[in-house]
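Here the structure comes first, spelled out in structure tokens, and everything after it is commentary.
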There are 4 protein chains.
Amino acid sequence: MSFNTFGRVLRFTTWGESHGPALGAVLDGCPPQIDLTEADIQPFLDARKPGTSRFTTQRREPDEVKILSGVFEGRTTGTPISLMIENTDQRSKDYSDVAKAYRPGHADYAYDAKYGFRDYRGGGRSSARETAARVAAGAVARKIISGVQIRGWVSAIGGDEIDEGNFDADQIGQNPFFCPDADAARRWEAMVDEARKAGSSLGAVVTCEATGVPAGWGAPIYAKLDADLAAAMMGINATKGVEIGDGFGAAALRGEQNADAMSPGASGPDFASNHAGGIAGGISTGQPVRVRVAFKPTSSILIPVPTITRDGEESEIITKGRHDPCVGIRGVPVVEAMMALVLADHFMLHRAQTGG
Amino acid sequence: MSFNTFGRVLRFTTWGESHGPALGAVLDGCPPQIDLTEADIQPFLDARKPGTSRFTTQRREPDEVKILSGVFEGRTTGTPISLMIENTDQRSKDYSDVAKAYRPGHADYAYDAKYGFRDYRGGGRSSARETAARVAAGAVARKIISGVQIRGWVSAIGGDEIDEGNFDADQIGQNPFFCPDADAARRWEAMVDEARKAGSSLGAVVTCEATGVPAGWGAPIYAKLDADLAAAMMGINATKGVEIGDGFGAAALRGEQNADAMSPGASGPDFASNHAGGIAGGISTGQPVRVRVAFKPTSSILIPVPTITRDGEESEIITKGRHDPCVGIRGVPVVEAMMALVLADHFMLHRAQTGG
Amino acid sequence: MSFNTFGRVLRFTTWGESHGPALGAVLDGCPPQIDLTEADIQPFLDARKPGTSRFTTQRREPDEVKILSGVFEGRTTGTPISLMIENTDQRSKDYSDVAKAYRPGHADYAYDAKYGFRDYRGGGRSSARETAARVAAGAVARKIISGVQIRGWVSAIGGDEIDEGNFDADQIGQNPFFCPDADAARRWEAMVDEARKAGSSLGAVVTCEATGVPAGWGAPIYAKLDADLAAAMMGINATKGVEIGDGFGAAALRGEQNADAMSPGASGPDFASNHAGGIAGGISTGQPVRVRVAFKPTSSILIPVPTITRDGEESEIITKGRHDPCVGIRGVPVVEAMMALVLADHFMLHRAQTGG
Amino acid sequence: MSFNTFGRVLRFTTWGESHGPALGAVLDGCPPQIDLTEADIQPFLDARKPGTSRFTTQRREPDEVKILSGVFEGRTTGTPISLMIENTDQRSKDYSDVAKAYRPGHADYAYDAKYGFRDYRGGGRSSARETAARVAAGAVARKIISGVQIRGWVSAIGGDEIDEGNFDADQIGQNPFFCPDADAARRWEAMVDEARKAGSSLGAVVTCEATGVPAGWGAPIYAKLDADLAAAMMGINATKGVEIGDGFGAAALRGEQNADAMSPGASGPDFASNHAGGIAGGISTGQPVRVRVAFKPTSSILIPVPTITRDGEESEIITKGRHDPCVGIRGVPVVEAMMALVLADHFMLHRAQTGG
């Protein structure tokens, strides 16, 4: 893996900045003869797209994907698939303050410390717009592992968790929060509105589950499925934590509580529980693969925060412009995409070593 | 990275099984002219070594490391450093039941599902003995980044957290739990004893902090320092969660609470807080890099758990033999080693791209 | 490295087919703060561009490069540089025969055997048009190692070698053959004309030399500078052989003939000869790095060759359309580009390990 | 790939110096359930072993391989296979002169220039003893692709080529030169004896052919089978040139001469010739894969050569000790091993992308 490439056998490289002419991904290693058109990708981009409700940034981007290579007569050829999304609604004037001072919580200072200067327009390379490229690549990955179903949702906003008893998958697409609990969605509407109007922001937790993953994907010791998922999720903008299965909850359990007892099943074992989140020893067990991801509150807020300028002077900054009041919401399609990409990569890696 | 290799520029490959003749690591890419002898490595192995108290497994392994290559006249030559640790206290007879049935929580079933068979002696490749090789490699990594101090500790056992107000770094080496809070250490002694006697086990949380990391290490987008740390930690045996800085706690904060305000400092900014755990946009900020890692309770317990045999028959298993009642405790030197390896790798990667 | 990515620390990924909408490269790992505009890249593309004389294919492509990312205010930012070249002169109708039967010497059959089908238009991914992306990336690489001068030339066509005694670097740009020997250029004009009119083609040898490479680039054992150059050159379309220094000639020498004797020099040793081509043990010695590359004759010829159809039927094929009568000629800028990319990568890799 | 690792999916890392306690390889990614014992590996090491005739170095090394991991009950487990060979006949006293002055043709100066110092005993890491580790790993690779036959031979020594008309595979094992032409073997005996007695050395060419490789292995554009073979071969000690198929000879042909005409065959096409050496567009065609490798004459000679000391003083050096008068001879098992490793890697890579 290089700086901007992810994956082992199925690899994708993303490029592009928030305010450049375009951004994109090159997906390399895709198996041949998979039906693929832009229409297979666009719905996932639409789910991530900004400007669809008042709970996301008001930047208007159609996020239309173009396939520039790797597909012939509607099928993948096995050669690299170049995916491009043009930027259309850049407003560079919004970002003049950012050129001078560092926004706390953003990568401004770190980029300057590393590279000596930075593309300050909209966060440049560190903008969450980069995740559109992941979502596009992830849509292709889903087709590689078409027997696997991947579904993500927001399970908490601002510390307010959904009630698992209210879980209704059909709800996820019916509110602007990807929320499976209709009651929680109502509460969150008020909460996010309040934060947005106050110029503040809220953190969130995204949960994602993949069903239909057969036992045997993943590999010891440094190609573990859970380790790759952890890297994939912790590399998404604004994430600060990753859990597999019970995660930190497991650290408070006793051994007999945490054991996922097995009994004979139709094909492989039936498990009495899934504390492990579908992974043991870095290898899938056939249970649903479940991951939870913590998103911090959006760092771009209208409330002034003390900071310093590029010249080291004391200052204060508020981040005007168009921002998500809760960046975790639009994280759902990104988490799903990364899950798809990791699983497709491991499907192929497993096939390389074992033939199957 | 391949299946058993970790790292980008500084790479190490580990090999070996719990009950084979030896295990080891090959560390490749180490800078030349670093003073290195076995004595630099041994203390870290001793800290991880089994059998040092009743709170760890009673397997007795001296874990003596031999340097087989890459060092000449006491200095690294820049060529691969082969580190070998011989196994001396294997007792294969302990593991006969495991050959027949799958231990819930262990990788037994997953390995069989992947490879069609497995080395069942002591967990084979999935045994935590593999982490000795990481600790040895990590000791070398520390020397590459000699300006960085890395310190880990256990911050919770069985859900019982330390009191940050009691934090005393000097305590860490003075109890068998790597615990910085003397009161907590006393409580844990009783807890772990109880679990051990009950044939059960407890989970734990390990916290690790690196100070002296300059701003600028890490790289967008898929070589982020936090993403690499997440992979490093989630690849340790028995880990189920990773947090950078406030982690899941950040998901419950508002933007203004989570912002690490900056003011002019002696060299770079002074930060009012470190919610971010020393990393922004995947790049170090100059603050301490802080990570928390969740360890599940040891899956090897004496309490019977329903399971199936290799032939798919209903069964029940208890795991006799010598096991850690709380595997998280000995996770401390491993977490530290992985932190050192990731940071040394990023030091070198940063130098490749920027010269500095 | 993945299927379509080259490099270790400085990595580039190319994408695109002969008759798709565009092709390109993503160059990742480029150091920051290097001045870069399209004007730095275009001259190298112009040197490789088709249609500039009757000795190259008559396809007309402006090969105008666009920088889509990684550059801000005229300087590289350290983030991936996306380079795109649009295809403008595709004529898909030329290639209908190729869809049905396999052209001997081309990758048609191999691609079908691998992927089950192929983009047959102009060779698809196996077209030498892909090398435009390398040339663009190579132009950036040159700027990374600005102290190194790289110069290539054609040293033989159809078995007719230049006379080293006639070597005049100024001649290289003054004939359509990148030929440093004015006499040879005259001979080749007649030869290539004859072959072109006969519907045949000729092979060629390209020599490339880099001066100003300091001693110490390259690394044992599987990152040797010469091994990486060999891979780089053997991956260019139509190449069948690579030599470093004396190459196969060295295999006919005795030890004392082949030794490059050293004497004290101003900075490092003075060498009495350069049989080694500037590399010993995979590491540069400070002498000019010299490589020779064999290009087979273009496989696209108007002379009929027996072949089989996709259905396995006996057939015969002639390759109409626009082709280079001697593809080695336009190989010169590609060989130079790959030399620049390998050297820049090793400059950075050396810096990673040794700081300098 | 890192400095000392080779391969894409099947990767091996070698370690060790000429005069250290041992050397070895870690082979990672090997498929599970392959029968493997030391006895499968030893014959290949014996073929490469020094001291078997007066035409190779008189260093006596049993080169006994030990399998330290990755094999259980006689079968590979899918986990890393650690192979170790102990050094037994080091004589460090032989190398005292080398510590002070640089041997022309050797890596002495380059290593010092890179790392600031070097293990000078027997060439340290740059010694051809490292190739024992490759041969061991290659023996395992052969078992992964058991349907492929790999056979190498010396095709020229000191410029004296075998007569293809005399080719008799059975001869290869019956003379100390791996020579398939009994007449040439007789001539070479005199030639190598003369060079040895004169304290000189001779270059050689090794040819290697793999039959039974199905069409479809290899991948565009930077994972081409021929490019990987070129890297593999050019990374062997003392190699200076690599050819696929006709190699440089193809550069002197016309298109119609170089075309490998096809006709319908039993399974896939029959080819009228194999100028291409079994590879088109970087992908195997089903024909024998053929490579030629140029080895320079051994740089260690008893004839004095002008050189400089570490302090930059004028000097002269002769290389006493035990050396091969023609290092290319013992290159045969190494070339075969690298061929096996590259092909096995591509077998697995192909399976990853296409299922097989």
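Any Cβ shown, glycine's included, is placed from N, Cα and C.
Annotated NADP(+) binding site per TrEMBL: D:ARG48, D:ARG54, in sequence order. There are 12 other Cβ atoms within 10 Å of the Cβ belonging to D:ARG54 (NADP(+) binding site). In the three-state DSSP scheme, D:ARG54 (NADP(+) binding site) falls into the coil class.
Counting every protein chain shown, the Cβ of D:LYS296 (FMN binding site) has 32 other Cβ atoms within 10 Å. What TrEMBL lists as FMN binding site is D:ARG125, D:SER126, D:SER127, D:ASN237, D:ALA238, D:GLY281, D:LYS296, D:PRO297, D:THR298, D:SER299, D:SER300, D:ARG322.
When the C-beta distance to chain B is held to under 8 angstroms, the binding-site residues D:ARG54, D:ARG125, D:SER127, D:THR298 reduce to D:ARG125, listed in sequence order.
Listed binding-site residues (D:ARG54, D:ARG125, D:ALA238) with a CB under 8 Å from any chain C CB: D:ARG125. Neighbour counts of Cβ atoms within 10 Å were taken for the binding-site residues D:ARG48, D:ARG125; the minimum is at D:ARG48. Taking the binding-site residues D:SER127, D:THR298, D:SER300 in turn and counting surrounding C-beta atoms within 10 angstroms, the largest count is reached at D:THR298. When the Cα positions of D:ARG125, D:SER126, D:SER127, D:ASN237, D:ALA238, D:GLY281, D:LYS296, D:PRO297, D:THR298, D:SER299, D:SER300, D:ARG322 are compared pair by pair, the longest gap among these FMN-binding residues is 43 Å. Rounded to a whole number, the distance between the Cα atoms of D:ARG54 (NADP(+) binding site) and D:ARG125 (FMN binding site) is 25 Å. Cα to Cα, D:SER127 (FMN binding site) and D:ARG48 (NADP(+) binding site) are separated by 14 Å. Separation of the C-alpha atoms of D:ARG54 (NADP(+) binding site) and D:ALA238 (FMN binding site): 20 Å, rounded to the nearest whole number. Contacts of D:ALA238 (FMN binding site) defined by a Cβ separation under 8 A and a same-chain sequence distance of 6+ are given as D:ALA128, D:PHE295, D:LYS296, D:THR298, D:SER299, D:VAL327, D:GLY328, D:GLY331, in order along the sequence. Secondary structure at D:ALA238 (FMN binding site), as computed by DSSP, is coil.
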